[in-house]
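See structure below.
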Amino acid sequence: MEKRTSYCGELNEAHIGQSVVLHGWVQKRRDLGGLIFIDLRDREGIVQVVFNPEFSKEALEIADSVRNEFVVTIKGTVHARGEKAINEKLATGKVEVLAEEITILNTSKTPPFYIEDGVNVSDELRLKYRYLDLRRPEMNNIFKMRHTVTRTFRNKLDALGFFDIETPYLTKSTPEGARDYLVPSRVYPGNFYALPQSPQILKQLLMTAGFDKYYQIVRCFRDEDLRGDRQPEFTQIDLETSFLTKEEIQAITEDMLVDVVKEAKNITIEKPFPRMTYKEAMDRFGSDKPDIRFGLELQNVSDVVKDVDFKVFQSAIENGGEVKAINAKAAAANFSRKDLDALGVFVANYGAKGLAWLKVEAGELKGPIAKFFPEDKAAELKVALQAEDGDLLLFAADKADIVAASLGALRNKLGKDLNLINEEELAFLWVTDWPLFEYDEEAERYVSAHHPFTLPKEEDIPLLETDSSKVMAEAYDIVLNGYEIGGGSLRIYKKEVQESMFRALGFTDESAKEQFGFLMDALEYGTPPHGGIALGLDRIVMILAGRNNLRDTIAFPKTGSAVDPLTNAPGEVSEAQLAELKLETVKKETN
C-alpha cells in the first residue's frame with residue numbers, strides 16, 4: 001500500500017500539477033458517458049476523482065466495480081476544474097484528481113443509511129451503526145472540535161503549572177448525590193467498588209499531599225435518570241488548587257474558557273465574565289443557570305396585586321407565596337386562547353396550578369382576569385411591568401420555588417418560540433453565593449446543594465448545626481447559554497468543620513467515620529486551604545458545536561435509557577461469572 005501524500009479535504013489550487021496518493025471511502029460514484037466520477041472522502045473532507053479511459057483504462061475498469069463506502073487507494077494528478085465545473089459547496093471544489101491507479105482495499109455492504117449530513121435516520125439506528133454515523137462530515141467535525149477543546153485545556157493548564165495526575169476508577173461507595181455504579185469484588189465476596197461520580201475526595205487528598213495544582217481530564221459515572229444533556233458516563237476537566245482565593249480560581253477558569261472559544265470558534269470573549277448571586281438568578285430568571293442572551297425577566301408583582309379581588313393571587317400571598325409575571329413584549333398577537341391554554345398545561349409540569357394572562361390592547365387590560373383590575377390597579381400593573389399595547393402578560397401565583405420553576409421554564413420556552421435567542425452568541429455567567437444546603441421534600445431533611453465538602457462562608461460556620469437554612473457556601477457555578485458547564489467551590493480543610501458539616505447532614509459520628517474516616521484522618525495532617533472546579537467537557541463541546549444532545553459529542557454514547565445499541569450493553573453474564581463473584585440474580589416473577 002502506497003503511503004498517503006495528502007488528505008482528500010486538504011487539496012486546493014496550490015496542489016495543481018502535483019502527483020498525490022489518497023486513501024479514503026467512496027462517498028458517491030457517477031458514470032457519465034464513459035467517464036467515471038468518484039467523490040472520495042476521508043476525515044478532512046471530500047475531493048472529486050475523475051477516471052478517464054484515455055488516461056488509464058485499467059483504473060476506469062476497476063472504478064466501474066466500486067460502490068459506496070468501499071475503501072480505496074487512488075494515485076493521480078491534481079487538475080483545475082473547468083469554470084463551469086467548480087463546486088462552491090466543497091472546500092476542494094476548484095480542483096479534481098485525474099486518476100492513474102485505484103486499489104480496492106476493502107468492499108462494503110450497502111449501509112443502512114446514507115453516509116451524508118442531514119440524513120433522516122432514527123437515533124436508535126445511528127447508535128447501532130455508530131461507526132458509520134461517525135463517518136459523516138458533521139460528526140467528524142464535532143470530534144475535531146472536541147480534540148481542539150481538550151488540547152487547549154491541557155496546554156493552558158500545563159502552562160499554569162498544573163500536574164496531570166490520575167485517580168482510581170475503582171473507589172469506595174459514598175452517599176449523597178446520584179446513585180453509584182457498583183463493581184463486585186471477586187477477592188472479597190459481598191464487597192463492592194464504586195465507579196467515581198467525580199474524583200472529589202481524592203483530588204482534595206492530593207492537596208493534602210502538597211501537589212498544589214492538580215488537573216485531570218477524567219471519566220465520571222452516575223447512575224441517574226437521563227435527559228438530553230446527561231449521560232451515565234461523561235468527561236470533566238477537573239482541577240484543584242491550594243492557597244488560592246475563589247476569585248483566583250474563577251480567573252483561571254475564565255482564561256481557559258476564553259482560550260478554548262478562541263481556538264474552537266475563533267470568537268473573542270470578554271473577561272471578566274458577568275457575575276450574579278444565586279438569589280438574583282432565581283428572582284430574575286427563575287433558574288440557577290439562566291440564559292442571559294434574552295430578556296423576559298420575571299418580575300414580582302405581589303405588592304401590586306395583593307389587594308386585587310382575585311382569589312388565586314390573594315391565596316398565594318396569604319399562604320406565604322408570591323405572584324410573579326413575565327411581560328412578553330409585542331407577543332399578544334402570537335398567542336390565541338388555545339395557545340395560552342397550552343402554556344397553562346406546560347407550566348403544570350413544573351408544579352404550577354395554572355397560568356393567568358392578560359393582553360394590553362388600546363391601553364386597556366384584556367383577558368379572563370382583567371375584570372379584577374380596577375382602573376387604578378390596571379395602571380399600576382402596567383407601570384410595574386412596563387406594559388404597552390401588544391404586550392402579553394403571564395402570571396404564576398404559588399410558593400416561591402414553584403413560581404420560579406414554572407416561570408423559569410416558561411421563559412426559556414418563550415425565548416425559543418419567539419426567536420429571541422441569538423444562537424451565535426456565547427453568554428458566560430458566574431452564579432455565586434449559593435446556599436450550602438437545600439431542602440429535600442421527600443427525605444424531609446436538608447441535603448448538600450453541591451457536595452458535603454463545600455466550605456461554608458466563615459461567618460455562617462456557627463449556624464451549621466443550629467440553622468442550616470441560613471448557611472451560605474463558598475461555591476460558584478459557571479453557566480453558558482442556560483447550561484451549567486461547571487461547578488466549583490472552596491473546600492472544608494479543617495476536621496472540626498467537616499465533622500460539623502456531617503452532623504448537619506444527619507450523619508452520626510460513627511457513620512461519618514465509616515464512610516469518610518480516611519478523609520477525616522487526612523484533615524489532621526496539615527491540609528492547606530484549597531478549592532477547585534470541574535467543567536463538563538461533553539457539554540462545552542455540545543454548546544460550541546451547536547448541538548442539543550450530549551450524544552453527538554461522545555463517540556460511543558448510551559441512549560436515553562442508558563442502553564448501548566451498538567454492543568447491546570448492559571447484558572446478562574454467565575452463571576459461571578456470577579458464581580465466581582458469589583452473586584445471584586433475583587428473577588422477576590411473571591404472571
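Note that Cβ sites are derived from N, Cα and C of the backbone, with glycine treated the same way.
Since we're looking at a predicted model, the values are computed, not measured.
Copied from Swiss-Prot, the annotated features are:
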BINDING   E176, R222, H450, R491  L-aspartate binding site
REGION    200-203  region 'Aspartate'
BINDING   R222, D223, E224, Q231, E484, G536, L537, D538, R539  ATP binding site
**Item:** Nearest-integer angstrom distance between the alpha carbons (Cα) of L537 (ATP binding site) and H450 (L-aspartate binding site)
**Value:** 19
**Fill in**
Under a three-state DSSP reduction, the secondary structure at H450 (L-aspartate binding site) is coil
**Message:** Cα-Cα, whole number of Å: R539 (ATP binding site) versus R222 (L-aspartate binding site)?
**Reply:** 15
**Asked** What are the helix, strand and coil residue counts for the region 'Aspartate' (200-203) according to DSSP?
**Response** 4 helix, 0 strand, 0 coil
**Request:** Looking only at C-alpha atoms, tell me how far E224 (ATP binding site) is from H450 (L-aspartate binding site), rounded to the nearest Å.
**Result:** 16
**Item:** Nonlocal residues around E484 (ATP binding site), in sequence order (Cβ under 8 Å, 6 or more apart)
**Value:** D288, K289, D477, I478, G536, R539
**Message:** Could you tell me the mean pLDDT the prediction assigns to the region 'Aspartate' (200-203)?
**Reply:** 97
**Fill in**
Counting every protein chain shown, other Cβ atoms within 10 Å of the Cβ of L537 (ATP binding site) number 25
